[in-house]
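Undergrad: Pasting the feature list from TrEMBL:
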ACT_SITE  A:45  active site, proton donor
BINDING   A:38-45, A:155-158, A:184, A:192-195  ATP binding site
BINDING   A:69  beta-alanine binding site
BINDING   A:69, A:161  (R)-pantoate binding site
């Protein structure tokens, strides 16, 4: 940003106004960084804003709870929202413009035309949430066309989302660079999520075990195990011993970002991922890395 | 174009080179007009080029036979091609750059991510060719993202395509204006089509009846008939009397461009459309208009 005095963050409602704002930025030669969110911002989002501020001239964030990516109506209706808090946090983090469109503005002709993701979706969250990534890809296609970003920032907590959005960018030739950012965690290791507020005290305490289970998988891997299922079994076994309230949705070990089992032996980049349900909250977590660099592994490597 | 001496047309193979070319044009303040085609150009295409030259500063055309919009493998494999002739005609018509991408360049990750058209496709050609408009919308999403046109030009022969592409533009917020252009016909009334070359002499002669049948529908409409089915019956009855070789795929009368039957009475803008098969050639034709302006009707009004 040119001025020492930080400019106030713009709030933009309509796609037309956003397109105009972006056009001005590009005309002035500024690179545009974009962080799409569903709001109820937490430290994870703020780390994306920070990365965007560091690497783009103009930072645009969106808060839009996208109806088409929810399978369960209840989860959509109850998705936590606090726009005023979101706007304050975004402004403090250095966001230049916050896009707050209505559903009818984003979906002017409803679901007349949508995006379908045909690969990478039959595993992990894609299997548990049919249609979820179609909804994600649909709304991002719209947002990318409106915002025309040079860089987009996504958190690795949704590692499958990062993989799918990379496919989307490649398939539709969006002139945008995907910048995945590491998972941000609570002090006890729980991955930050807007859905964590739905946990009661006992669930919240137990949820710290999710990360520990994944670390058991990593330990097995570091000890030389390369069979996908045996690594996943180590995680499952840990959860059987430590989760009393949570119900496992999946534990899976796959090559990353293609999300396939290339034969039975894990090699190259990989992901150890889980989803666990606590009442109305479904939590996800993962560790990614590469077998080549196993002993210098750092979490969230992408 | 600034210079009196007409510049040579560029031929561009890669999406990256095309994106670069477009960026230069935009930087120079030129509006970009885009005419996507499947090649084997005829007078219909040339009329689109002409309209584009009249209304855009820089005219880009593409020749790409899109595999995902063909249901029948045979039709795709046998789709007529003559790139050198296409290039010559495009250059003569004033096209500035011809985009000739390979399949692997357009579909770098195959069909990992595609577009789905959920409205306007259960009638007319959409019903006869399931998946056809998904393929059209998929390739156009890619091409629109690469070419970033200000205007796109489509022929009204594919009236359903014009309706679907308008939905696509609205749904994905492409900052582009759709410019539909009138059907161009042979002297005997047959709509120009790349597939006309597949007709033998007898079929070619009979094919002129397609238009005449649609005119019977118009006549019925002008006489005061407003029932969709009765107007369609007039067309079908004409075809029964005049088509000996062609096999009717559909005859339909609908509101346009929503392609619905709003009740049983035709009102507002409408389309009378047909598809007829001659061996390997499936020909389509239509008349659009508005009931309000019935007596000043001109064909191809859009």
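Going from the start of the chain as shown, residues are counted 1 onward.
Note: Cβ is positioned from N, Cα and C throughout, glycine not excepted.
Help me see these features in their spatial surroundings.
TA: The secondary structure of residue A:45 (active site, proton donor), as reduced to three states from DSSP, is helical. Within the same chain, residues at least six positions away from residue A:45 (active site, proton donor) with a Cβ under 8 Å of its Cβ are A:35, A:37, A:61, A:89, A:155.
Under a cutoff of 8 A between CB atoms, and with a sequence separation of 6+ in the same chain, the neighbours of residue A:69 (beta-alanine binding site) are A:131, A:132, A:133, A:134, A:135, A:136, A:138, A:139. In the three-state DSSP classification, residue A:69 (beta-alanine binding site) falls within a helix.
Remark: residue A:161 ((R)-pantoate binding site) has A:133, A:136, A:154 as non-local neighbours, by Cβ distance under 8 Å and separation of at least 6 in sequence. Look at residue A:161 ((R)-pantoate binding site): DSSP puts it in a helix.
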Undergrad: Tell me which residues of the chain lie with their Cβ under 8 angstroms from that of residue A:194 (ATP binding site), as long as they are six or more apart in sequence?
TA: A:38, A:39, A:40, A:41, A:42, A:79, A:80
Undergrad: When you measure from the Cβ of residue A:184 (ATP binding site), how many other Cβ atoms are you left with inside 10 Å?
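TA: Its Cβ has 19 other Cβ atoms within 10 Å.
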Undergrad: Restricting to the chain of residue A:44 (ATP binding site) and a gap of 6 or more, list residues whose Cβ falls under 8 Å of its Cβ, or answer none.
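TA: The answer is A:155, A:157, A:183, A:184, A:191, A:192, A:193.
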Undergrad: Specify the secondary structure state of residue A:184 (ATP binding site) as given by DSSP, simplified to three classes.
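TA: The residue in question, residue A:184 (ATP binding site), is coil (DSSP, three-state).
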